[in-house]
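Engineer: Let me begin by handing over the structure; questions about it come next.
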Amino acid sequence: MRVIVSGGGTGGHIYPALALLEQLKARQLLDEVLYIGTKRGLESRIVPKAGIPFETIELQGFKRKLSLDNVKTVTVFLAGLSKAKKILKEFQPDVVVGTGGYVSGAILFEAARMHIPTVIHEQNSVAGVTNKFLSRFVDKIGIVFPEVAAAFPAKKIATVGNPRAQQVAQLKPNDRLADFGLAPKQRTLLIFGGSRGAPKINQAAVDALPAFSQAGFQTLFVTGRRHFETIKAQLPTLPATVKVVPYIDDMPAILPDIALVIGRSGATSIAELTALGIPSILIPSPNVTHNHQMINAQSLGKAGAALVIPEPDLDASFADTVIALMQDDARLIEMTRAAKSLGVPDASDRLIALMQAAINAH
Ligand SMILES: CC(=O)N[C@H]1[C@@H](OP(=O)(O)OP(=O)(O)OC[C@H]2O[C@@H](n3ccc(=O)[nH]c3=O)[C@H](O)[C@@H]2O)O[C@H](CO)[C@@H](O)[C@@H]1O
């Protein structure tokens, strides 16, 4: 099939789209693809690097509250629509898929208006603004969390899981930690605050690193690109068991060798943790719509797959909590089992079935 995908802003919207494309290719269902993003989003770096044809539409996000900014947003949106129309006429897709982020608004809206089959994917337990808007016009809606169903027209919904889960589910431990100068077989802690990094998590990590480096495990600390220099300046010397990097391009490569993750609870991150069965300490971002990262985190917390620490509760006891867990084999095994029980290892195939259903319905 000829597919246009669009999703952007942060990694949480981009990696599910790339995982879906990988599975379409693996099943020889993909004749041609075009990815639509913005110049400013992370997608402008990640998508071309993955070898996928990439075009941009310039748009800006709607504010949840009524404001003058939204008038400007509408003007830019109308310009975006005319570019979207041109792209759709030239590319002639069989189906258009949106994975969230405001960039997907124009192309999905225009595709629906042109009677091209459309599918959106909502990774979160709370509907994103763009997906909520698009839900009235598109043919099908793939969801992950049952809590979000009430936000969308019931007859369009199917529970599919997050395609990134299928991409990582079959991965096995390997030696790729060596790429970072770490010992592949040693117990390893991974710290990362979502795709952009999180200053509060970074600070907690900086404070705890001296204790971690004495505790008999190794640590890979991902700061997020824009925070790297600031953090490096705070850590002039590091023991060989601690590595600090700005970003990891191929996260799936190292995840199977990670004993414990400390991180945010963005939807795509937790899809990976549950597909692979990785124990985690989740510190939800308090700065997201309707506190959805707390809801995401609690679904793992309740199942015994993660320890959830609200950001304001991060204090001097954090290092001890992490070290105790890293040394508690029985608890880690139990958390692994609990995490895995929440994973959806065939999510891409389910989303592909939904795309086919959208095409067949036309
Ligand atoms: C602050 C914010 O608005 N966050 C939202 C954003 O998070 P964010 O973009 O951080 O999304 P997620 O945590 O869901 O996913 C991050 C993705 O980036 C990857 N990764 C991360 C770091 C790295 O160095 N390399 C790398 O590849 C992870 O493996 C994962 O695949 O989108 C998510 C999915 O819609 C939402 O649930 C989050 O609430």
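Using N, Cα and C of the backbone, Cβ positions are placed for all residues, glycine too.
From TrEMBL, here are the annotated features:
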DOMAIN    3-142  domain 'Glycosyltransferase family 28 N-terminal'
BINDING   Thr10, Gly11, Gly12, Asn124, Ser195, Ile248, Gln293  UDP-N-acetyl-alpha-D-glucosamine binding site
DOMAIN    188-351  domain 'Glycosyl transferase family 28 C-terminal'
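Quick one: how deep are these features, and who are their neighbours?
Structural biologist: In the predicted model, the domain 'Glycosyltransferase family 28 N-terminal' (3-142) has a mean pLDDT of 92.
All chains included, 23 other C-beta atoms sit within 10 angstroms of the C-beta of Ser195 (UDP-N-acetyl-alpha-D-glucosamine binding site). Mapped onto three states, the DSSP output places Ser195 (UDP-N-acetyl-alpha-D-glucosamine binding site) in coil.
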Engineer: Using all protein chains in view, find how many other C-beta atoms are within 10 Å of the C-beta of Gly12 (UDP-N-acetyl-alpha-D-glucosamine binding site).
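Structural biologist: Step by step: centre on the Cβ of Gly12 (UDP-N-acetyl-alpha-D-glucosamine binding site), count other Cβ atoms within 10 Å, giving 27.
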Engineer: Let's check the environment of Thr10 (UDP-N-acetyl-alpha-D-glucosamine binding site): how many other CB atoms sit within 10 Å of its CB?
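Structural biologist: Step by step: centre on the Cβ of Thr10 (UDP-N-acetyl-alpha-D-glucosamine binding site), count other Cβ atoms within 10 Å, giving 18.
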Engineer: Mind checking how the domain 'Glycosyltransferase family 28 N-terminal' (3-142) divides into helix, strand and coil residues in DSSP?
Structural biologist: 64 helix, 25 strand, 51 coil
